[in-house]
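Look at TrEMBL and you will find 73-215, 382-538 tagged as domain 'Sodium/calcium exchanger membrane region'. The feature signal peptide is assigned by TrEMBL to 1-18. Taken from TrEMBL, the feature transmembrane segment applies to 63-83, 137-161, 173-191, 351-370, 379-396, 402-425, 446-469, 489-509, 521-539.
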Amino acid sequence: MAATTWRVLLLAPAVVSGLFVFPDNCGRPGFIAVPDELRCACAHATRVSTIDYLSLHYCDMDALPLISVTLLSTLLCLLFYSVGDTTDRYMVPAVTSIAAMTRLDPSVAGATLLAFANGAPDLFSCVASFSGAHTHSGFGVGGLIGSGLVVAVFTLGHLAYLADGFDLRKSPFMRDVAFYLVTVLGLLLAYRVGYISVPMAIAAIGWYAVYTVSVVRMPSMPPPAIEDDDDDDKAHVVLPATTATEDIAVSMDPKEEDDEDDECASTTDTLMSVDESPRSFWCDVTDWDKVGRLHKVVLVLLAPFLLARHVTVPRLESPVVSRKELTTVAFALPSFLLAVSTRFVHVPLTAFGAALVVSTVLAGLTYHWCDGARRSWQLLRSFLALFLSSLWVFVIGHEIVAVMYVLGVGVGISSGTLGILVLAWGNSIGDFVGNRALVRQGHVHMATAACIAGPIFNTLVGGGLSLLLGCLYATNHRVAIWSADHNGSLGIGFVVLAIALLSLLVLGSRYPAKDIELTPTFGLFLVALYSLFCVWTLVDETSSRQNND
C-alpha cells in the first residue's frame, strides 16, 4: 500500500503538467502494463487531445465499464460507416474522374493517386509512432506489416473472390509485386539488424523514387478515345463512374451551358438559397428519402460530421462545377487544414484568425474566377475532392485507431498485437472500402494496383520518412526496431506476407501472355493466409499471457 501511495504521489506532478510521457510504463504503447489503480492518472497525463477515449473509459466512466464499452463499440461502428461512405461517395469518384480527364492509365492511377490518398493515414500514424517523445518502434513496425497484410493479402484476395475472378495486365502487376517483395525483404533485413540509420532511411525513400519512375515510364494501355478539341469554346466534362464500368465523357457546347447549369442548380448548390427549405437541404446532404429507418438513425447520429463534410468536400455528381459549392469549400479549406494540423502541432488562436482572413480572400477569388464548364475547374474540383476526402478518412481513421486501442487494452491485448492487427485495420479501412468500390464499378486494374502500391507507399515513404525523423531526433542517429515482445507476431507477419507475394509471382509466371487470371480460388487462398495469421497471432497472445500469469 505504501509503494502504491508513493507511485501516485510521483505521478501527480506529471498529471498536472500534462506531459506526454512520464514514466516509461505510462506511455500509450505500454499502457497495458500499467496497474489498474494508476490507469486513470496515466491516461490523463498522456492524453493528446481534448476528447480522449482512455480518459473517458478509465476516469469518467470507470464505475460503468460495460456501458463505456457499449458506447465505444457503437461509436466504432459509426466511424466505420463514415469511412465507407466518405470513400464511396467522394474518394473513388474523384480518382476515376481524374484518371478519365487526364487519360491516365488505370494502373498508374491506382499506383500513384489512390496509393497516396489511401496511404495518408499510415504516413501520419507512422510518423507519430516513430518520431514521438516516447519511441516504441515495435508498434510502428507492426503497423507497417499489418497494413501490408490487410491490403496486399486480405483485400486483394477478397476482391478476387468478390468479382468472381478477373484478368490483370501482367507487366505492371508483376512489377508492383516484385518491388513490394524487395521492400519487405529489406524491412526484414533491417529488423534482423535491429536498428535503422539515416542512410538506410534515405535508401528507402530513394527506392520508392525508383519505383515511381518505373511506374511512369512503363508502357501503358492505349488511352480511351476522347475527342481532342483545342477550341476553348468547348469543354469536355467527365462524370465519375458510379454504376457503369467505364467513365463517361460528355462534350458540352456553351449554348447548352446555361440550360444545363440551371437544371443542376437545385442539386449542386450547397448553400441554402432563399427558396430552399431545411428539409430539401438535409435531403441533399444525406439522400434522406432514399434510405431506410435504421439508416436514418445512423444519419441523425452522424449529422454534425455529414454537415461538416458537405461544406468541406466538393461533390462530383454534376458535370458542371457549382460556383457556390466551390466557394463554400474554398472558404472552409484553411480552417479545416488548420484543425487537422492541431493533431500534430500546437496551433495558437491567432492562427485561426489569420485563417479566417485567408478564407475570405480565397472564397472571393473563387467566386469571381470560377467557370464551371471549363475543364481546368473540373479537374481542380476532382483533385480537391480527392485531397479533402483523404483528409477526412485520415481523421476518422485516427479515431478508429484510438477507440480500437481502448477496447484492445481493455481485454489485455499487447502493444505488438495491437499494432499488427488493430492499428493495421484502422489505417487500412479506407484501402479496403475504396478498392472494393472500384472493383464493383469495374475499375479492376486501378484497384489491384492500389492493393500493392499502397503498402509500398506506406512502407517506403511512411516508414522511411518517419524513421528518418526518428533518427534525426535520436542522440545516436539510430532507431531501434528490435523488440523481444513482438518477435512472434512480427516474424509470422513477415513469413505470411512473403508467402503471399511469392505466390503472386509464381501465379504470374504461369501465364506467358500479357494478362494473368486471378481466380476466386486464389482469392480464397489469400484470405485464408491472412485468417491463419490472425488466428496464430491471437493464440500466441493468449499463450504468452498464460505464461506470464
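A Cβ is built for glycine as well, from the same backbone N, Cα and C atoms used for every other residue.
Only residues 6 or more beyond the boundaries of the transmembrane segment (63-83), in the same chain, are considered here, and those with a CB under 8 A from a CB of the stretch are 53, 56-57, 298, 301-302, 305, 393, 396-397, 399-400, 403-404, 406-407, 410, 429-430, 433. With a cut-off of 8 Å between Cβ atoms, the residues of this chain six or more beyond the transmembrane segment (521-539) that come close are 149-150, 153-154, 156-162, 165, 417, 420-421, 488-489, 492-493, 496, 499-500, 503, 507. By number of Cβ pairs under 8 Å, the transmembrane segment (402-425) is matched best by 489-509 from the list 351-370, 446-469, 489-509.
For the domain 'Sodium/calcium exchanger membrane region' (73-215), DSSP puts the residue distribution at 123 helix, 7 strand, 13 coil. In this chain, the transmembrane segment (379-396) does not touch the transmembrane segment (489-509); fewer than three CB pairs sit within less than 8 A of each other, excluding pairs fewer than 6 residues apart. Taking Cβ pairs closer than 8 Å, the transmembrane segment (137-161) reaches residues 29, 118, 122, 125-126, 129-130, 180, 184, 187, 191, 415-421, 423-425, 427-428, 431-432, 435-436, 439, 444, 447-448, 451-452, 454-455, 458-459, 462-463, 466, 470, 479-483, 485-486, 489-490, 493-494, 496-497, 500-501, 518-520, 522-527, 529-530, 533 in its own chain, all 6 or more past its ends.
Simply put, out of 173-191, 351-370, 379-396, 173-191 has the most Cβ pairs sitting under 8 Å from the transmembrane segment (446-469). Residues of the same chain lying 6 or more positions beyond the ends of the transmembrane segment (173-191) and with a Cβ under 8 Å from any Cβ of it are 107, 111, 141, 144-145, 148, 152, 200, 204, 207, 211, 214-215, 218, 448-449, 452-453, 455-456, 459-460, 463, 481-482, 490, 494, 497-498, 501-502, 504-505, 508, 516.
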